[in-house]
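As written in TrEMBL, here are the features:
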- 2-69: domain 'Ig-like' (DOMAIN)
């Protein structure tokens, strides 16, 4: 069976130049997660940090800009 969202992403507000953390909970532990913004896949680097532990997946966005919304 495919992994489903137990808890979907919530809207997050943060200030420009700050950091935002997006978090979702899945029905299967360690299910593959791909973070996207529109058609663009987001990869770990200086701007993005991707974390996953068990059923929880997180995307941390650093140095926020208006384009990150």
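Numbering starts at 1 and runs along the chain as displayed.
For all residues, glycine too, the Cβ spot is worked out from N, Cα and C.
Remember, it's a predicted structure, so these values are computed and weren't measured experimentally.
As a summary of secondary structure, the domain 'Ig-like' (2-69) carries 3 helix, 26 strand, 39 coil according to DSSP.
Predicted-model confidence for the domain 'Ig-like' (2-69) is 92, expressed as mean pLDDT.
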